[in-house]
Amino acid sequence: MSGKIDKILIVGGGTAGWMAASYLGKALQGTADITLLQAPDIPTLGVGEATIPNLQTAFFDFLGIPEDEWMRECNASYKVAIKFINWRTAGEGTSEARELDGGPDHFYHSFGLLKYHEQIPLSHYWFDRSYRGKTVEPFDYACYKEPVILDANRSPRRLDGSKVTNYAWHFDAHLVADFLRRFATEKLGVRHVEDRVEHVQRDANGNIESVRTATGRVFDADLFVDCSGFRGLLINKAMEEPFLDMSDHLLNDSAVATQVPHDDDANGVEPFTSAIAMKSGWTWKIPMLGRFGTGYVYSSRFATEDEAVREFCEMWHLDPETQPLNRIRFRVGRNRRAWVGNCVSIGTSSCFVEPLESTGIYFVYAALYQLVKHFPDKSLNPVLTARFNREIETMFDDTRDFIQAHFYFSPRTDTPFWRANKELRLADGMQEKIDMYRAGMAINAPASDDAQLYYGNFEEEFRNFWNNSNYYCVLAGLGLVPDAPSPRLAHMPQATESVDEVFGAVKDRQRNLLETLPSLHEFLRQQHGR
């Protein structure tokens with residue numbers, strides 16, 4: 001059968017479902033009927049959501065929605081980095097950094113790209129200076145302008161709205177899903193049906209023909225998009241596509257989460273996500289106006305649910321008997337194929353890795369971008385589906401390996417969880433990257449150090465998502481450094497001297513921003529009209 005796709009059925013709501021409805025509705029320009037079928041009693045997961053910088057350019061700009069508009073509707077705040085706390089020192093779970101070598105046990109994974117000097121990234125000069133005893137300053141504070149403004153809870157935008165650094169967002173996933181529901185149904189003509197799928201009918205070729213709901217209604221379509229979450233209602237249950245478990249790389253499989261009130265006037269609003277190391281995993285903290293979302297991601301092999309709840313609540317001084325808690329079990333891995341026949345899985349029905357680097361929302365719109373790029377007709381050309389599947393496989397596996405490196409290279413060995421992470425095997429590609437890093441080479445160095453060009457070109461960023469800046473922030477932050485400085489620097493005496501001016505310029509920029517930027521709380525009150 002040939003001819004264009006006329007009908008699309010999205011099964012599942014939540015953030016993934018409504019992002020899919022909005023993105024496809026915009027991309028297809030009214031040439032296909034889109035229906036979103038959502039069970040009325042399925043809760044939306046997520047207690048606070050953190051993102052990455054290309055969300056605006058790759059998703060909201062594509063929809064034509066200004067940043068300030070959706071931010072106000074979704075109680076959104078800004079995120080300039082991830083702050084990793086206590087990933088190097090042994091002890092109880094606490095949001096306060098312990099002492100490490102005379103300073104705090106924390107490091108920032110900031111957005112942005114490392115600057116280059118004489119075609120060598122600044123990271124390599126920093127390590128050369130550190131190796132020769134010329135500096136004891138941590139990598140993040142030496143090479144990036146952001147850490148000092150993060151310490152002071154400054155805004156990444158001035159009160160006139162101008163942007164001074166790269167940033168992402170924190171928001172309430174429920175509010176984003178609701179905002180996109182209104183946008184998709186009111187502006188793009190997406191049909192919204194609340195009903196539960198009871199049966200999936202496949203045709204003689206193995207494709208999905210229709211779904212029947214609990215009320216007896218039948219919905220047929222040319223293309224089915226599975227946004228049903230961890231259930232994988234269409235892709236796994238109906239299409240019987242196997243889910244590839246990745247617990248041999250990542251141990252965490254559970255979470256307990258909640259929201260906590262916060263006194264912004266007294267304490268300010270933090271412009272970063274916190275990732276706090278715990279006995280059997282780690283805890284996120286996602287600040288928003290008046291509260292923060294938080295959750296303990298842990299391994300059920302090393303902590304029972306009761307033990308995790310107790311450790312989590314003790315850290316935030318919460319009563320586990322009265323505090324509303326969201327208890328989550330999740331599968332870590334990806335489908336063997338994200339797209340099978342006329343069924344495409346998007347979001348957690350396709351793949352999932354713990355949110356240590358805030359990739360959940362990114363996985364959704366990256367998959368939507370690839371779906372539109374490889375959009376089929378009714379013949380379902382296997383070349384398109386195979387290419388799409390390779391892109392999703394690479395995206396996930398690359399992120400899985402980067403996340404694993406956080407645990408594998410943490411020097412913590414004080415609990416069975418941290419020791420067990422050292423016994424896992426790194427993927428061959430990841431081991432190659434580490435070997436390059438230790439030999440003084442850059443990993444996935446972008447073609448340019450211009451962050452605006454990098455974040456403004458989704459295709460370029462997708463191909464080079466975890467680059468040298470990311471690896472250096474995390475590996476150096478964990479205390480893993482190259483075996484010796486880059487051999488090239490021994491032949492560049494003028495560059496190794498003149499780079500002092502570059503590091504000095506970073507310090508000047510830090511001082512200027514610290515003196516001139518408003519607090520994030522002040523900026524958000526102006527933006528949100530509070």
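Glycine residues also receive a Cβ, built from the backbone N, Cα and C atoms like all the rest.
Bear in mind that the values here come from a model prediction, so they are computed numbers and not experimental data.
Taken from Swiss-Prot, the feature active site covers LYS79, and the record attributes it to experimental evidence. Summarising the annotation, Swiss-Prot assigns FAD binding site to GLY13, THR15, ALA16, ALA39, ASP41, GLU49, ALA50, VAL197, THR348, ILE361 and lists experimental evidence as the type of evidence. Residues annotated as L-tryptophan binding site in Swiss-Prot: GLU357, TYR454, TYR455, GLU461, PHE465. Taken from Swiss-Prot, the feature chloride binding site covers THR359, GLY360, and the record attributes it to experimental evidence. The site 'Important for activity' feature in Swiss-Prot is assigned to GLU357.
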Cβ neighbour count (within 10 Å, all chains shown) around THR359 (chloride binding site): 25
Chain-internal residues, separated by at least six, CB under 8 A from the residue listed as 'active site': ALA50, THR51, TYR167, ALA168, TRP169, HIS170, PRO271, PHE272, THR273, SER358
Cβ-Cβ distance under 8 Å to TYR454 (L-tryptophan binding site), same chain, at least six residues away: LEU113, PRO446, SER448, GLU460, GLU461
Residue from THR359, GLY360, TYR455 whose C-alpha is spatially nearest that of ASP41 (FAD binding site), among the binding-site residues: GLY360
Cα-Cα distance maximum in Å, computed over every pair in GLU357, TYR454, TYR455, GLU461, PHE465 that the record assigns to L-tryptophan: 18
FAD site span - longest C-alpha distance across GLY13, THR15, ALA16, ALA39, ASP41, GLU49, ALA50, VAL197, THR348, ILE361, in Å: 30
Binding-site residues near ALA16 (FAD binding site) (Cα-Cα within 10 Å), from GLU357, THR359, TYR455, PHE465: none
Alpha-carbon distance [GLY360 (chloride binding site); GLY13 (FAD binding site)] in Å: 15
